[in-house]
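Undergrad: Before we start, here is the structure in question, set down as structure tokens.
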Amino acid sequence: QLQNKILILTICAAGIGGTFQYGYNISIINAPTSYIQTFMNETWLERTGIPLESNVILLLWSFTVSAYPLGGLTGAVAAGPMAIMLGRKMSLLLNNVFVIIAAVLSGFSRMAKSFEMIMLSRFFTGVNAGVSMNIQPMYLAESAPKKLRGAVALTSASFTALGLVLGQVVGLRELLGGEESWPFLLASNVVPAVIQLTALPWLPESPRYLLIDRGDKESCISALQKLRGNSDLGAELEEMLAEQAAVKGQRAKNPWELFQNPALRWQLMSIVVLSSAMQLCGNDSMYFYAAYVFQEAGIPQDKIPYVVIGTGSCELITSVTCNMIIDYAGRRPLLLGGYIFMAGWAIVFMVALSQQTQISWMPYLSMACIFAYILSFGIGPAGVTGVLPTEVFDQMSRPAAYMICGSLLWFNLFLVGTAFPFIVKSLAHFCYVPFLVVCICTALYVGFFLPETKGKSFLEISEEFKKRNFKAQTHAVFYKGPEEIKSTML
């Protein structure tokens, strides 16, 4: 029983300073929006004696918001080399330096009368999230026993959702979302960092990393004993040694080498399609719409923040449910079901938005759609996407695969964040058409091309992909499909 405790502690220690920060920092910035914009204006007025025009304030604000995904992109690219050189655990610990810098910058920004400090702090917060989004699922999936691998790696998604909800709660006016306390709200992300710095050092490093990257068998066995206890380690060690033999003499690969390698073609295509779809499916834009739809549904303005917490809780509930069923249901059905349901709800949502003013109960239908859409996203795509790169790539390609995955994720987050207001302007009620197309294409890709990975060892999975990669050369015709799908995706 003690070993299960060690595994659970490892999950919590990695999660609280890892993907929890990603969710938390996305949602804490929403509450103080108007206060920070006022602060920018006042600071500028003090410096120059001229107030800022409203469109300039908006521009400065969008810089502040987009500093986060740009930091994330930087972090995602840095995560690969960090994971290889420092190890998984050490990278997660060092990663907290970025949050501490960010918390100091944003906490003192009002005292220093500098809104540039807020922008910089958002950038550093992004770097932290970028590193942890890549390294945490890798660390956990490599430390978990095979039959629990999906569930353990998926806790990353649960921690993201938990961060979202807690960020929404802490951002309420009664807590830290008031006009006086916003610098403390933005600096509150230092708390999870401190918790991680005190807890994680006592827990073991990823056994796979110790054996395959470092070639240190003793440390690997002692880490395994801590994580598994007295249960028979023979089979698991044998599997790792087989994987070590399979990658013998290779060094860790760079991202561009993955693109050149024909043996990785399908794995790469799968993560490119799925990581892009995760941001391009419009789930984050639902949060953008939430406040407007709730207002239309007649919920009083001051109660809306509480209802928005409901949407965050939806994602939390489903990602925890998904955790429980992923190793029974498998990866494919969850992804497929998630995207098909989202496509369905997107259609209903657009119809409901267009009839919002005509039919009295339509606002309630669009409200239900928001919850349903977020639930469908949480049950599959939210969690499974982060688990796949660990499962479909070997130890030498894994950090590079996460760099590609993470870079796409952040780039698309930036893209959607920048483009969505314009999409709404031009397409009005039909703003979900692009997202609908993405959901349908992704569902088709998963249905036709993605093999199931549950309960298989890493070697078995790469064997299965090998068959696919080299089958494509004999049937040149068969290979046409995904090319077309890919072009519509991006």
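Yeah, the Cβs are placed from backbone N, Cα and C, and that goes for glycine too.
Those TrEMBL annotations? Automatic predictions, nothing curated.
From a predicted model like this one, the values you see are computed outputs, not experimental measurements.
Under the heading transmembrane segment, TrEMBL lists 7-24, 56-80, 92-112, 118-139, 151-170, 182-203, 334-353, 365-388, 400-424, 430-450. Marked as domain 'Major facilitator superfamily (MFS) profile' by TrEMBL: 11-454.
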Undergrad: Looking only at the recorded stretches 92-112, 182-203, 334-353, 400-424, 430-450, which one has the largest tally of CB-CB distances under 8 Å to the transmembrane segment (118-139)?
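TA: So the stretch in question is 92-112.
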Undergrad: Please indicate, using numbers and ranges, the residues of the same chain that are 6 or more beyond the transmembrane segment (365-388) and have a C-beta under 8 Å from a C-beta there.
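TA: Tertiary neighbours of the transmembrane segment (365-388) are 133, 137, 141, 149-150, 153-154, 156-158, 160-161, 270-271, 274-275, 277-278, 281-283, 286, 289-290, 293-294, 296-297, 310-311, 314-319, 321-323, 326, 331, 334-339, 341-342, 345-346, 348-349, 352-353, 356, 442, 453.
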Undergrad: Could you tell me what the rest of the chain brings near the transmembrane segment (92-112), counting residues at least six beyond its ends with Cβ under 8 Å?
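TA: Residues 14, 17-18, 21, 39, 75, 82, 86, 118, 120-125, 127-128, 131-132, 135-136, 139, 182-184, 186-190, 192-193, 196-197, 200-201.
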Undergrad: Residues sitting near the transmembrane segment (430-450): Cβ under 8 Å, six or more positions beyond its termini, same chain?
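TA: Answer is 266, 269-270, 273-274, 277, 280-282, 285, 331-332, 335-336, 339-340, 342-343, 346-347, 349-350, 354, 381, 420, 423-424, 481-482, 485, 488-489.
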